[in-house]
């Protein structure tokens, strides 16, 4: 079967021929439909994040997949089930994080990440997976199921942010998404139902397809070149919830100033080291005197994927049409890895239902 | 009646003669037993925090009180009840925060703080209070009830920190209290029941009475001059919970590095502006990749006071004997405001039960 992988020493993905995998006990065999591409894939390709599976000279890419079960192999699944695989897998033997269904909370050494770190991903015509790491999707989501993994990332961040505010009555009205990439836009769409006023940060000029989506979602576009994050309360309003999906570290600190009293900032970006000056006294004081919180969030578990399925199913068609700017067959898969201002979200198509 | 107050333009407290207050409808009249002194009192005296009641040339100090009801005035209380007053009060009319019993979550303008900001405190022979802001204390706590308010501050911080970890299974074992002042030591004692290993940060040499208490509590003293907060994971262990009670802003940032994966830092200090350099990229990344959280916490509500009563009642006698280094009558009240290395916690005594 064909797979899209990056070889050790190379910095572009290529198509490899690999044997079709056989499901082990407890695993199902899945025929891949589509696999999305995101910033993490670009980091894996560049070698700046993740690592190769032990003993392998390549890693199959892809962690945002949707597929169809072709061999349930005695698991509770049925042939024809549309499924989305989760990303983290047991490295060797089990551990408490996996045993309680929370691999997203495991520290390094306690997990591999398929397509990212230590395990092959889903960009191949077939993949196998333990049934417990396959989340059911309604058949109507066969084409858009590759959005469930990114949606699950947001579900987890929202869950942890809300948990941090659960000791008191918190009725948030305003939310500010930092970043107009595909995850940022998806998050704005997902927050629509629960927030009265939405804002989304970017650094682009109109006309721009991401700003068009922000407008269409009824959110307010905030240009970070004109309005720094920490000035947003003065120019717009203080934000009950900030969702940071930029990886730009100054934004993480400015988030404290952007928040309304009792607000929470969910941080999701993964920046490199970067030293800069902050008014640490003012930030510390602001966190304390206004009961603010910052919550870091990485990865997601089955519970978040299940909610992600619901969230993706609820997205309006105009939105997914605008968000997904390209779905490419294997023979032009390179185009899925293009990253320019007209590209928002792409996927590689391996087959159809 | 006599009251300890600071007058506008003065920077030391003095004893004033004031009329005994009459309880309004819904208020009880309370005879004051003891009132504790903490860092906030020193800030109020210095004029660096809080403010005078409107139209007044002085503010009666004290927000950590215990007293006995002398006139229930038709409230549900009974004469002889030992009570601890909460600190925040409605400024004018009600608001949602007070209506739902969460004045601790109110932003500025929605509250006064008795003895601190906009309202007279409890350092007088009698005070009045709405019954809903008086928390019952067992009579045995008549002498130590002034510790309930600081204990309630810790109860709230713990509640919010635990809430932030409530979306997953969190079984913390190690806790690190930053600060060996009276609040820090009280917190170490309060955390004993729920953490296996406790650490407490200070910057003093042995022999020192606070370090003796830390030892006696079975906690490990960490000298910040030898082991900076961010090196604690290497020298001791990563901490599941960090409680910051120093007001030293660099500690708030170093807390991120001190935390174990999935850990939470509760910030309680109130520093002044202070610009310094941080590796913001590393801190941001660390928060995200290890699902860490920072939670600011200020003030406390009746629920926290009620838990504080239980916590103070559970403190061992040797601990409170060592913690409370002085209780002074009105005629030597100045000694309660001394702040040297042999002073840990002091109170002014207005009467006995």
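Counting starts with 1 at the first residue shown.
From the backbone N, Cα and C atoms, a Cβ is placed for every residue, glycine too.
Keep in mind the model is a prediction, meaning the values are calculated, not measured.
What TrEMBL records for A:40, A:113, A:149, A:299 is substrate binding site. Under the DSSP three-state reduction, residue A:299 (substrate binding site) is assigned to coil, being neither helix nor strand. Cβ neighbours within 10 Å of residue A:299 (substrate binding site), excluding its own Cβ and spanning all shown chains: 24.
The NADP(+) binding site annotation in TrEMBL covers A:180, A:181, A:182, A:183, A:203, A:204, A:268, A:269, A:270, A:297, A:298, A:299. Under DSSP, residue A:268 (NADP(+) binding site) is assigned to coil, being neither helix nor strand in the three-state scheme. Around residue A:268 (NADP(+) binding site), the C-beta neighbours below 8 angstroms that are at least 6 residues distant in the chain are A:153, A:157, A:183, A:243, A:244, A:245, A:296, A:297, A:298.
Annotated compositional bias 'Basic and acidic residues' per TrEMBL: A:7-23, in sequence order. For the compositional bias 'Basic and acidic residues' (A:7-23), the residues of the chain that approach it from at least six positions outside its boundaries are 1, 29, 45-47, 52, 57-58, 60-61, 71, 73, 124-128, 330, 333-334, 337, judged by C-beta separation under 8 angstroms.
Look at TrEMBL and you will find A:25-138 tagged as domain 'Alcohol dehydrogenase-like N-terminal'. The residues of the domain 'Alcohol dehydrogenase-like N-terminal' (A:25-138), classed with DSSP into helix (H, G, I), strand (E, B) and coil, number 18 helix, 45 strand, 51 coil.
Annotated domain 'Glucose dehydrogenase C-terminal' per TrEMBL: A:142-350, in sequence order.
Residues or ranges marked as region 'Disordered' by TrEMBL: A:1-25.
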Hey, which of our binding-site residues A:180, A:182, A:268, A:270 end up with a Cβ under 8 Å from chain B?
A:268, A:270
Can you name the residues of this chain that are 6 or more positions from residue A:270 (NADP(+) binding site) yet have a C-beta less than 8 Å from its C-beta?
A:49, A:247, A:298
If we count other C-beta atoms within 10 Å, could you say which of the binding-site residues A:113, A:149 has the fewest?
A:113
My understanding is the cutoff is Cβ-Cβ under 8 Å with a sequence separation of 6 or more in the same chain; which residues meet that for residue A:203 (NADP(+) binding site)?
A:223, A:224, A:225
Any same-chain residues 6+ apart from residue A:180 (NADP(+) binding site) with CB under 8 Å of its CB? Would you list them in sequence order, or say none?
A:200, A:201, A:202, A:204, A:210, A:211, A:214, A:221
